[in-house]
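Each remark here refers to the structure printed beneath this line.
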Amino acid sequence: MRIHVTFIDRVGITQEVLALLGGRNLNLDAVEMVPPNVYIDAPTLGPEVLEELRDALFKVRGVRAVEVVDILPGQRRSLQLYALLAAMPDPLLAVDGNGRVLLANPALIELAGRDPDGETLGELFAAPELHDELLAHGFRLPMREVVLDGRTLLLDAMPIGENAGLAGALLSLYAPNRIGERLAALHHEQAEGFDALLGDSPALRTLKARAQRVAVLDAPLLIQGETGTGKELVARACHAVSARRNAPFLALNCAALPENLAESELFGYAPGAFTGAQRGGKPGLLELAHQGTVFLDEIGEMSPYLQAKLLRFLSDGSFRRIGGEREIRVDVRILSATHRNLEQMVGEGRFREDLFYRLNVLNLAVPPLRERSEDILPLARHFLDQACAQIRRPPCRLAPDTYPALLANRWPGNVRQLQNVIFRAAAISEGNLVEIGDLDIAGTAVAPQADEIGSLGAAVENFERGILERLYASYPSSRLLAARLQTSHTAIAKRLRKYGIPARS
Ligand SMILES: Nc1ncnc2c1ncn2[C@@H]1O[C@H](COP(=O)(O)OP(=O)(O)OP(=O)(O)O)[C@@H](O)[C@H]1O
């Protein structure tokens, strides 16, 4: 039983109260003192002893009230705190002033494969120098990379109780790809519609112009493009300028969920649909998005069963919830996206042809980043500003010698990869310049395979020629190209001649 005693504060009163409990041989699990209150958790305290104890307590001078409570305030606070920590998808740690773990949330325990309670940060990350550095700086350091169970993560520290003397810190770990998502979320809040799609390359301008035309036509739209090119951003923009903009835009990633979960997310389920479950029904995204838009990402990964169910919805506008009898009609526009070649999948019998035609009434192709190299540096600068603001570090710039490497990179992960590379660089770079060594793009440069390289000189020349040829299309004079690459006009003219790159009119 838990009790709450209220008293008029005076010297020695709490000891007198506790002495009464001690005298009755009660096991005390917890005592919380918040004068003029004392809260006591005594599991062995039964109703009879309570009656007698209450009388005894009222004989103590100053005791005003004795009542039974469900839970102690501190216990309630820690339950709430645990619930909050458990709901946080990113791994979190609280440490004391000596860098010893006091608390880890379930995401961190899962990641570490153990509860690191009591370990030092040096032990947890197998990095004693990190521990010393964090302590030496009072936990106030820019984000840095750490390795936990073989995975590289970014560590962000926030000191606790600085004014009243350092009490410890709260540490958050982010997977580099989650940071991109967080930035994207931030971005979505800032810009809606096509303004969110940054870039001024001819390829992107053409895409935007076409997208603005198809966005307002109320028919299914298929968006194709490599991973990370911005397909979802395009889909959101199309919704935001369409007549449906005041109704919801709800997205489902068909690759992220197993078939049964994807089905219940999209179509919902009827009450009692699951045997043994006491659950009521649940509407799916199609119902929730009534009069709005449903975006089906990675549609190429949709199972044949769901393809059939979706086809039926696209053909007659109706469907049934899982386990439901009733036909439901909703007014929803379907936008879908894929990085796969759906035509080829249709040819190979891996995607339904009839569904393909239903989805592909309108279509857009988002170009890969390497085909719009003019966008690379403006995007990189934008992501750098965003990253510095997000991690609360002073603004920094890209060192000019990073340009050729950024421009020559193949960017297989496209804009998302660029965003992540820049974020990581902002997090680990020490000064106000992001240097080439801060960019984690080794291995994805457009470079010959090792066994194709004859000599270093020839390889460097090939590399240089590739950059010049590619940029010359968008900066079609040696002066423009020189300004773009931040070098002299004569140096560019000399190289264009050397490589026999014909002058543009
Ligand atoms: N033109 C752009 N301007 C600004 N940010 C962009 C642009 N294109 C993409 N991004 C950002 O890059 C990230 C990836 O974009 P998005 O999720 O839209 O790509 P996707 O093609 O749908 O990816 P996937 O194929 O993996 O689903 C997001 O954080 C998005 O905000």
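A Cβ is built for glycine as well, from the same backbone N, Cα and C atoms used for every other residue.
Listed in TrEMBL for this protein:
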DOMAIN    2-71  domain 'ACT'
DOMAIN    77-117  domain 'PAS'
DOMAIN    197-427  domain 'Sigma-54 factor interaction'
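Remote same-chain partners of the domain 'PAS' (77-117), defined as residues 6 or more beyond its termini with a Cβ less than 8 Å from a stretch Cβ, comprise 71, 123-124, 131, 134-135, 148-149, 151, 153, 160, 165-174, 178.
Shown for the domain 'ACT' (2-71): DSSP residue counts in helix, strand and coil, namely 24 helix, 23 strand, 23 coil. Model confidence over the domain 'ACT' (2-71) is summarised by a mean pLDDT of 87.
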